[in-house]
Amino acid sequence: MKVHSERPPGADRPGAIRRFVENRLIGNFDSEDFSDAWKKKFSHAPTWCDADMSLQQIKRGNAQGNRIALYARAFFQLWLYRIGCFVQRYAWSTIIISMVLYCLCLGGLQHVVIETNLVKLWVSEGGRLNEEMEYLGRVKHERESGHLHHMHKIKRDIEKAVKAPPAVKAEVRRGPELPKENGLGGGFQVVIQTPSYDGENVLSKEALQKHTKLMQEIASYEVHMFNETWTLADICFKPPGPSFNSGPLAGIMSKLLDKIIPCIWITPVDCYWDGAKALGPNPPLNLGPEVASFISSLPPGNVTWKNLNPTSVIKEVGQLFDLGPIGNFFERAGIDGAYLDRPCIDPLEEECPKSAPNYFDRCAALTKFNEWNLAKSMSEQVTLERKIIKKEEETKDIAESILSDIFGKKRRKRQAEASEDSEDVTTTTTKKPASGSKKDDDYYAYEDDADYINGLGNTTTPKKDAEKEAKNTLCLEYGSSLLKWMQENPTRLGEFLTKEEMPKYPNYGDVMTGGCKGFGKKIMEWPEDLIIGGIERENGKLVSAEALQSVFLVSGPYDVFARIKNDKTDSHPGLNRHGFQPWMAGEIITTWQRNFTKKLYRHELNQERRVFHPLASTSIADMLEEFSQFNYIIIVIGYILMVIYAAFTQGRFQGWWLAVQSNVALAIAGVMLVTFSSICGLGFATHLGINFNAATTQVVPFLSLGLGIDDMFLLLHNYDEIINICHKNEIGVLLKETGMSVMLTSINNILAFISGYVLPIPALRSFCSQTAILLAFNLIFLMFIFPAMIGIDLRRQRKGKRDLAYCSRGTPQMPASQSVPSNVSNKSQMSSRAELAGYDKQAAEFKRHEPWYTVGGFLNNIYIPALKNNLCKAVILIGTATAVVFGLYGMYTSTLGLELADVLPEHTPPAAFLRAREKYFSFYPMFAVLKGNDIDIPNQQQLIEEYRQQLGASKFMIKAEGKLQPYWMSMLRVWLQSLDKALEKDLAAGKFDLTNGNPIKVNGEKPTPESMIAARLVCSFGTNYDCSGRLGKIKMVDQNDVINPEGFYNYLTGWFNVDNMMYYVSQASFYPTPPGWEYNEKTAKVVPAAEPLLYSQMPFYQNDLVDTPAIVKMIEEIRAICEEYTERSLPNYPSGIAFTFWEQYLSLRFNLFMAILIIAAAVFTVISILMFNPWAATLIMCIVVITTIELGGFMGLMGIKMNPISAVTLICAVGIGVEFTAHVELAFLTSLGTIDQRLESCLQHMFVPVYHGAISTFLGVVMLVFSEFDFVVKYFFYTMTVLVALGVFNGLCVLPVILTLVGPEPELIPSSGDSVLPPPPPLRQQNAEKDGYGGGVEGGMRKRKEKKQAEVEMSARDSPSTSSASHSSDDETTTPK
């Protein structure tokens, strides 16, 4: 029945909406259903206990209050009460059905994917960077699927309309794909060498030789798969060989170069001849004496880069056969003598060539050594080891076979005359060289022996006298032993050599200043900062360094597959080529990479101190996968600690065992079910496609446990009180009173982590999403399953069964002499009926002294009195203000950054590599990408060059001798200019038909290969071939260095095919790839034009990127240039590791601000809706902001950098901060009385559960300290621990003080001005009163009667307080006057 006020009819008549609301929300609860004890509790906190009855009192005129807030509260309390009653009545059914539904989510765990790709984990999703990274793949898909841009379709339609000659159909040439550098391996495999002892200078003979030996070892590493042995040479990236004209030697030279072209190494030892040692080929080529005699520039014996002069070989062969434009290529590449003209690291190296600047003449030294040695007595003489000179073994290979086919059986014969001696070698202290017995010895080391060379085949040279021949033979036999003795006895060299004759060791710093060059000096320049780290200089020259870095490239799976599949030399006879697939090539690559890192991890020089730091693309992924697994031992230990703590707080003893009132079983079951709920939540997250990562496995289980247990303590704390003051529907009353607080904190926590999704980092989005899902599962558990378990435990208590001993009965009422459990503030809370028997008695019991070491004693005897003291309040406020000031200062001084080494487990090799890289190498590669079909490259060449120069003007760009490194268009331009010169010369000699461009012999001489190619290109423009008026009049490159736009794409096809190796050196990565083309002297056809480029790139090298602020500054500068030229119709973007991983910092502060703003608005909205008190919500937000500022300041002062991880922590601080404030604020808001009474009431009600919640949260995160990941300890354990401490202080100290000063008014104020408000009379009494005023609606009463049937009737406990309970009391009802 509708409740009436005591006001006369007509006063305060509600409107239609208000009547509708009140009819449904008022009158659902009747005071006669509750005990006297509950009524006494209601009188102190009416809106906390029952908003419906509070509204009844307002309608009766006994109180005034915030109707809207109470309407909202009454709505939520009604439904929470119904839920509680339902789960109490159907406890087992609720548990079983809920568990079954939860178990359905577990199915997702079988599809768990642990993401270990750092790019996928830490590169921002969406936005500019993501679009740029996906651009190439997208345009490839669009082009291959036929969805070309509208512009391309228009061009094709125009071509068809004018009926232009059909373009030459040429098969697209598929070259090897350029390896992509992502900074973490990818196609680039890296080795860093650091000092083996403190203070070591790696610019020394020993350190450089150590590095050289390491490269040789890497080149020899093998894996055995698919019945074959695989080495680096099988999988490394090699640029394709240059093109040859068709001719008798084209085949052999092409195959020879394919074998001899080395893997691409970027290494500091390329400054020396020793850089050739790792290049191979391995095994060495041995062309046999006949080929070597035919091509005299080929070294005798084994051919490797250690003794090969490729330019000399090409020149010699080019005089005999037409090799096409390869000579031009060698000149432009600067190959020259390759490594033979570079100094040797150790001039006493046995194989150091005579052409080396510091070559040491061992024969002359041997003569002087013998003179010095023979002058000594026999006992003092040094005995050298004699080396047996073996006859050269003749070999046949494919080269000899081809020569045989060309020249028939006539071959030049060479005589092999070498002295042999079968005498035993004299035993000396020097060990016998192992190389003396190897088949693959290089013989070029003895080229100084003229007779030996004569014996090897130079039969035309006259024989020398016997004395000289004897000296040379002696040098061959004892020269190696002498060099070895000299290396072992460097201090004795001055005894027989003059200063001028001493070995000349290079000044390593001078040689390496400015960097090193690969085998192509003009196109393979390795910047100093790429290969040398920890540099010190004097007068611009290097004097010392601390680290060396070498990089080698690995091809993609398809390229390795194609190379092996098409290998006609049968280098892997055991392989089933018919069944060989690309995935098998991928397996070979990854297996070799893992073997490479594994062997270096276990390298003998890494035993005492890590010297070699390798990184392959598999390294980080393997390490992350290993350490991203759930650490079940740590998880179990953490959960056991939580179980022990929960059981300790809820345990009460009676005699030898737990008392009836003990809740240990509930606490244990609660912890276990929160754990189960979290596991189910992870399964559900997997169903949604959210991948796991290190944050998931290392942080989420503990964080969700800590936050989930908080509200469990609140329910248990109030459950202990409810069972003593209610005799039926206890669980309904429990949820009605406590459910609001649980919902308030849980929803805010969920919203906080959802707001973390604003940060576009995939790893953090997964972390926030999974945590939010787990918290949602925990909320469902706390609202349904755990109350049902409490309902089951309630039946036990009603039956008087002991906790965890259901067969044993105990005393229902705990004797007063028993100890106070730690979860209540005093004994009066354990027997609330006695407490509420009378107000005076209650007041006396609240003043009961408790031991100071208990929570209740500390709260009542120390804490509450202290908070009432004005001096204490002042100290707290001043301390808080000081903390905020320091917090603001700390946030101001905080720096951006997250070291890549931090996201890997500490003390692991990949982490050590990244630390070494960050310490010594601030070098990063970068590409400027020209994109899209709106760009017109042929007509925008000058704008492109201007764009490149503008980028190069940045202080972060490395320049070689003041110039940027060449890129594809500059290489194309240089090639075309060389062709223009060759064509101009041959045109002047009349060697071309000006009508069709065909060559003409003049005096028996044809045009050069370069000029013939040039003629074809000049005559080609678009799809046309016309030489009339073009040859001799049109240049491919004008005086302004602009390539003729008309034939630009024709020239591009020519360069791509003829100068293919230069294309790969340029790293242009064209898409679409130009078509294939080969020069044909007999057929004059158009050189097919390449399609307009949708993607091309220009390489740059960047330096001085020492930390995140420097990298961010660079990104801002480069981005500004790129955006400027994009607006000038040159679509472009930068690419590289710096942009990939640090682009996020450009918007980090904004994203953090937006995330905090969103969560703050969400928290304010939720609190305002649930409390409907903006001022209360404002105070909570103030405390939360203070907590966030203090936490941010702590992070700044402690050196914890601002990055996406710390940003997530700050975002979470907003939600978790509500955990410590909302409970206190709500209790204060619903309390009656003076400020001090309300303060005491709210602390009595909430201090204990908030305290236990904080401890449980700390226990949840304390196990993070054992994580293998430094970033977990640093960014989660430290910050979450400080957050808990700040939350407790601000929630239980600062907030209560602020509430006493500017706290909101109570939601309900008694009209009488008293500090208590009794509950309203029973509904039947209120219904009888309506007749005094007439009219009324019986909606509330009607609903009340209908609901009667659904109530859960429980027998009262057999206790003194139960028998004294009554259903009505004249003292607690107000009758109309």
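Every residue gets a Cβ built from N, Cα and C, even glycine.
Residues or ranges marked as compositional bias 'Low complexity' in TrEMBL: 1357-1367.
Sequence annotations record features per position, and here TrEMBL assigns domain 'SSD' to 631-792.
The region 'Disordered' feature in TrEMBL is assigned to 413-442 (among others).
The region 'Disordered' annotation in TrEMBL covers 1311-1377 (among others).
Residues 676-677, 679-687, 777, 780-781, 784-785, 788-789, 791-792 of the same chain lie 6 or more positions beyond the ends of the transmembrane segment (90-109) yet place their CB under 8 Å from a CB of it. If you look up TrEMBL, you'll see 90-109 (among others) marked as transmembrane segment.
For 630-648 (among others), the entry in TrEMBL reads transmembrane segment.
With a threshold of 8 Å between CB atoms, the same-chain residues lying at least 6 positions outside the transmembrane segment (655-679) that come near it are 102, 106, 109, 639, 642-643, 646-647, 649, 700-701, 704-705, 708-709, 712, 716, 719-720, 774, 777-778, 780-781, 785-786, 789-790, 793, 796-797, 800-805, 808, 810-812, 814, 818, 830. Residues annotated as transmembrane segment in TrEMBL: 655-679 (among others).
Sequence-distant neighbours of the transmembrane segment (699-719) (same chain, 6+ residues past either end, Cβ-Cβ under 8 Å): 630, 635, 638-639, 642, 646, 649-650, 663, 666-667, 670-671, 674-675, 677-678, 681-682, 730, 734, 737-738, 741-742, 745-746, 749, 767, 770-771, 774-775, 778, 781-782, 786-787, 790, 823-824, 1216, 1219, 1223, 1248-1249, 1252-1254, 1256-1261, 1263-1264, 1267, 1272, 1276, 1280. Among the features that TrEMBL reports, transmembrane segment is placed at 699-719 (among others).
The transmembrane segment annotation in TrEMBL covers 740-759 (among others).
Residues or ranges marked as transmembrane segment in TrEMBL: 771-792 (among others). Below 8 angstroms of C-beta separation, residues 80, 83-84, 87-88, 90-92, 94-95, 98-99, 102, 666, 669-670, 673-674, 677-678, 680-682, 684-685, 688, 690, 700, 703-704, 707-708, 711-712, 715, 719, 730-731, 734-735, 739, 742-743, 746-747, 749-750, 753-754 of the same chain, each at least six residues beyond the ends of the transmembrane segment (771-792), sit close to that stretch.
Here the transmembrane segment (1152-1172) has long-range neighbours at 66, 68-69, 72-73, 76, 740, 743-744, 747-748, 751-752, 755-756, 758-759, 1178, 1180-1181, 1184-1185, 1188, 1202, 1207, 1210-1211, 1214-1215, 1218, 1222, 1225-1226, 1229, meaning same-chain residues at least 6 beyond its ends whose C-beta is under 8 angstroms from one of its own. Per TrEMBL, the feature transmembrane segment maps to 1152-1172 (among others).
Residues of the same chain lying 6 or more positions beyond the ends of the transmembrane segment (1179-1200) and with a Cβ under 8 Å from any Cβ of it are 880, 883-884, 886-894, 1156, 1160, 1163-1164, 1167, 1206, 1209-1210, 1213-1214, 1217-1218, 1221-1222, 1225, 1274-1275, 1278-1279, 1282-1283, 1286-1287, 1290-1291, 1294-1295, 1298-1299, 1302-1304. The transmembrane segment annotation in TrEMBL covers 1179-1200 (among others).
Long-range Cβ contacts of the transmembrane segment (1206-1229) within its own chain (Cβ-Cβ under 8 Å, at least 6 residues beyond either end) map to 45, 47-48, 707, 710, 714, 740-741, 744-745, 748-753, 755-756, 758-759, 764, 767-768, 1148, 1151-1152, 1155-1156, 1159-1160, 1163, 1167, 1171, 1173, 1176, 1179-1180, 1183-1184, 1187-1188, 1191-1192, 1195, 1200, 1238-1239, 1241-1243, 1245-1246, 1249-1250, 1253-1254, 1257, 1275-1276, 1279-1280, 1283, 1287-1288, 1290-1292, 1295-1296, 1299, 1303-1304, 1306-1307. According to TrEMBL, the transmembrane segment annotation covers 1206-1229 (among others).
What TrEMBL lists as transmembrane segment is 1250-1269 (among others).
Listed as Cβ neighbours of the transmembrane segment (1275-1302) (distance under 8 Å, sequence separation of 6 or more from its ends, same chain) are residues 695, 698-699, 703, 867, 873, 876-877, 880, 1179, 1182-1183, 1186-1187, 1190-1191, 1194-1195, 1198, 1200, 1203, 1205-1206, 1209, 1212-1213, 1216-1217, 1219-1221, 1223-1225, 1228, 1235-1236, 1238-1239, 1242-1243, 1247, 1250-1251, 1254, 1257-1258, 1261-1262, 1264-1265, 1267. Among the features that TrEMBL reports, transmembrane segment is placed at 1275-1302 (among others).
Outside the transmembrane segment (1250-1269) by six or more residues, the chain places 627, 631, 634-635, 637-638, 641-642, 645-646, 649, 694, 698-699, 702-707, 709-711, 713-714, 717, 823, 855, 903-906, 908, 1216, 1219-1220, 1223-1224, 1276-1277, 1280-1281, 1284, 1287-1288, 1291-1292 with a CB less than 8 A from a CB of the stretch. Tertiary proximity for the transmembrane segment (740-759) is limited to same-chain residues at least six positions away from its ends with a CB under 8 Å from its CB atoms, namely 73, 76-77, 80, 707, 710-711, 714-715, 765, 767-769, 771-772, 775-776, 778-779, 782-783, 1148, 1151-1152, 1154-1156, 1158-1159, 1162-1163, 1166-1167, 1170-1171, 1204, 1207-1208, 1211-1212, 1214-1216, 1218-1219, 1222-1223, 1226.
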